[in-house]
Amino acid sequence: MERGPVVGAGLGAGAQIRALLGCLVRVLLWVASALLYFGSEQAARLLGSPCLRRLYHAWLAAVVIFGPLLQFHVNPRTIFASHGNFFNIKFVNSAWGWTCTFLGGFVLLVVFLATRRVAVTARHLSRLVVGAAVWRGAGRAFLLIEDLTGSCFEPLPQGLLLHELPDRRSCLAAGHQWRGYTVSSHTFLLTFCCLLMAEEAAVFAKYLAHGLPAGAPLRLVFLLNVLLLGLWNFLLLCTVIYFHQYTHKVVGAAVGTFAWYLTYGSWYHQPWSPGSPGHGLFPRPHSSRKHN
């Protein structure tokens, strides 16, 4: 008969703990939501600035041109100096797949929420199809350049022995090495992805300014793209410091920049193109006319 109050006290304490945990969860969710909104607003304002976008192009050029000088001031045994490091295998080698996944989700949400039109959404997503074609075409062109400029060598303890085998296939089939001018495909791809993502993400500032729906899922997808853009910048810096020859990196970055210019800087402004980011998404202000 004396255990009733003890059990009641235990139930009361359990209810208080659950209430306290519920309150703590609500506070954490509020803090996370506030950080999400604040971070997305600031990142959108930063990426949406035309001046900063021009400076960003200068930053990428400086990374590729002067970044290799850092190889004399960094630890050559760091994990990023290995071709088999986690980031090189999981991210750099699949950079276009990561970019398409994250950026495709962002473009899909922004365009569809702004227009509610499937055709317009598909048109804007077609820019990623063009980007994939650019990536595949550039990769094949780089291999062709290596084939046309290369020669077959047999590695020996004393050095390399030149063979007269005419092409890469016969050279590799004989167990030798084919060496030609190798444009850095990683530098090309990371440069192209950086420019492409910065261009696409810049639309979010105008999207927010027009008061369009911007819930937590869209803001989270946007911030994930910003984080991926930051990762590409870091891995581009690691690539130019630790891998490839200098001219191979510069040529790769130059081709990536030229590919961006042909698409985002030129073709996408034409009416028979997929359209530039943000094209047709936001209502144009109507000019008021005075009637006599």
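Any Cβ shown, glycine's included, is placed from N, Cα and C.
TrEMBL entries are annotated by machine, without manual review.
What TrEMBL annotates here:
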type: TRANSMEM; residues: 15-38; note: transmembrane segment
type: TRANSMEM; residues: 58-75; note: transmembrane segment
type: TRANSMEM; residues: 95-114; note: transmembrane segment
type: ACT_SITE; residues: H186; note: active site
type: TRANSMEM; residues: 188-208; note: transmembrane segment
type: TRANSMEM; residues: 220-243; note: transmembrane segment
type: ACT_SITE; residues: H244; note: active site
type: SITE; residues: H248; note: site 'Important for catalytic activity'
type: TRANSMEM; residues: 250-268; note: transmembrane segment
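Counted as Cβ pairs under 8 Å, contacts with the transmembrane segment (220-243) are highest for 58-75 among 15-38, 58-75, 95-114. Listed in sequence order, the residues of the same chain lying 6 or more apart from H248 (site 'Important for catalytic activity') and placing their CB within less than 8 Å of its CB are Y181, T182, V183, S184, T187.
For H244 (active site) paired with H186 (active site), the C-alpha to C-alpha distance reads 9 Å. Residues 120-121, 124-125, 127-128, 131-132, 135, 186, 189-190, 193, 196-197, 200-201, 203-204, 207, 210, 212-213, 217-218, 221-222, 224-225, 228, 232, 235, 277, 281-282 of the same chain sit 6 or more residues outside the transmembrane segment (95-114) yet have a Cβ under 8 Å from a Cβ within it. Counting only same-chain residues six or more apart in sequence, the Cβ atoms lying under 8 angstroms from the Cβ of H186 (active site) belong to V92, A95, T239, F243, H244, G252. Here the Cβ of H244 (active site) has 19 other Cβ atoms within 10 Å, regardless of which shown protein chain they belong to.
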